[in-house]
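Novice: Can you read through this structure? Questions will come right after.
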Amino acid sequence: MKAFRSLRILISISRTTTKTTPRNPHQAQNFLRRFYSAQPNLDEPTSINEDGSSSDSVFDSSQYPIDDSNVDSVKKPKEATWDKGYRERVNKAFFGNLTEKGKVKVAEEESSEDDEDSVDRSRILAKALLEAALESPDEELGEGEVREEDQKSLNVGIIGPPNAGKSSLTNFMVGTKVAAASRKTNTTTHEVLGVLTKGDTQVCFFDTPGLMLKKSGYGYKDIKARVQNAWTSVDLFDVLIVMFDVHRHLMSPDSRVVRLIKYMGEEENPKQKRVLCMNKVDLVEKKKDLLKVAEEFQDLPAYERYFMISGLKGSGVKDLSQYLMDQAVKKPWEEDAFTMSEEVLKNISLEVVRERLLDHVHQEIPYGLEHRLVDWKELRDGSLRIEQHLITPKLSQRKILVGKGGCKIGRIGIEANEELRRIMNRKVHLILQVKLK
């Protein structure tokens with residue numbers, strides 16, 4: 001009986017469940033759709049980074065299509081570790097200086113020798129190769145190399161008022177970008193080393209921040225920290241180039257610039273030669289006016305020579321370069337003539353980004369930023385990963401620097417990345433992140 005009762009209960013339950021179906025057959029589906037649509041989509045990236053900054057404030061070059069046609073392949077075949085010079089030295093000592101016919105004759109003789117002679121000859125050749133490897137290197141130098149006792153060197157400092165064209169001249173003479181060049185003042189914030197090597201002579205350029213003098217003869221307090229190193233290093237250079245914008249001087253003379261030129265030209269330094277460079281002569285329409293400016297400063301005894309140049313277009317720079325080459329003294333080179341040091345490349349990466357920043361962001365924002373190189377890593381495929389942070393003290397400045405939807409920092413990053421790839425001739429993965437202090 002109990003079995004029959006339980007069977008009846010099960011039948012009644014099954015009948016009630018079939019009658020309680022929802023009126024709307026899509027009701028359950030709508031419920032599930034509303035439920036899942038309220039959940040976060042975990043496959044899509046979040047708009048907030050781990051440090052709390054918006055994703056719009058980060059530029060990543062890997063997310064932008066960049067033309068690689070002008071960049072050589074970074075993957076190079078592995079070179080043999082054996083020095084071919086040893087083989088050449090052995091051939092000279094073992095076979096002598098053979099002509100083509102002599103080489104053929106030796107080859108024929110070797111082929112006709114018996115096995116024992118071949119074994120002996122191989123042993124002698126192996127011994128000669130080992131001796132050549134153990135010998136001290138001979139005095140023969142590769143192409144472009146100069147003996148240390150024949151090397152000449154010169155350290156050149158370039159100073160002047162802000163926006164005088166010091167960075168442009170440094171970049172033109174060195175042949176690549178080592179300092180930020182912009183129309184804004186106080187573009188250079190630290191000394192940047194550029195190296196020019198020609199023949200047996202190496203010239204090292206030090207580009208310094210713009211210097212100005214008050215009536216008292218001392219630097220202004222608002223840029224005191226920026227120019228402190230420039231003033232302390234003035235007397236350390238072999239040659240000092242004092243530069244000013246001659247076009248601006250003719251249009252609206254600045255008494256502070258005149259004081260700086262006279263201050264540097266009044267007292268002679270027996271251990272240092274000083275030259276006065278009138279830059280941006282290409283902007284002066286009446287060339288006779290240049291002679292008037294030269295006469296204005298001709299009585300300053302510390303200046304050995306006067307040069308009229310255009311650091312941007314290169315006019316007159318050849319004469320200045322030749323003068324500097326002639327002033328070089330016998331001294332070993334301080335920098336590698338064939339490769340840039342990693343420190344120089346790091347400075348170049350900072351200066352390239354800084355120049356683009358000055359071109360796209362106006363007012364006082366670029367000068368209040370803290371610009372840091374956070375990561376510098378060479379990847380396995382030969383490319384270079386560079387990460388820089390731009391730290392601003394104000395939220396309003398951060399919004400201006402980022403732009404709507406990250407458009408401004410994106411434009412800065414794209415232009416800087418393309419120029420870095422061109423300068424370094426390799427693939428560069430540039431990451432720029434704008435942060436709030």
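The backbone N, Cα and C atoms fix where each Cβ goes, glycine too.
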Novice: When you get a sec, could you say which of 112-119, 144-151, 160-167, 264-271 is annotated region 'G1' by Swiss-Prot?
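Specialist: Matching range for region 'G1': 160-167.
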Novice: Looking at Ser47, Ser111, which one is marked phosphoserine in Swiss-Prot?
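Specialist: According to Swiss-Prot, the phosphoserine annotation belongs to Ser111.
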Novice: Any idea which of 66-70, 81-85, 186-190, 251-255 is down as region 'G2' in Swiss-Prot?
Specialist: 186-190
Novice: To which of the residue ranges 279-282, 287-290, 339-342, 379-382 does Swiss-Prot assign the term region 'G4'?
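Specialist: Within the set 279-282, 287-290, 339-342, 379-382, Swiss-Prot attaches region 'G4' to 279-282.
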Novice: Of Gly160, Asn163, Lys166, Val281, which of the binding-site residues has the most Cβ neighbours inside 10 Å?
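Specialist: Of the binding-site residues Gly160, Asn163, Lys166, Val281, the most buried by Cβ count within 10 Å is Lys166.
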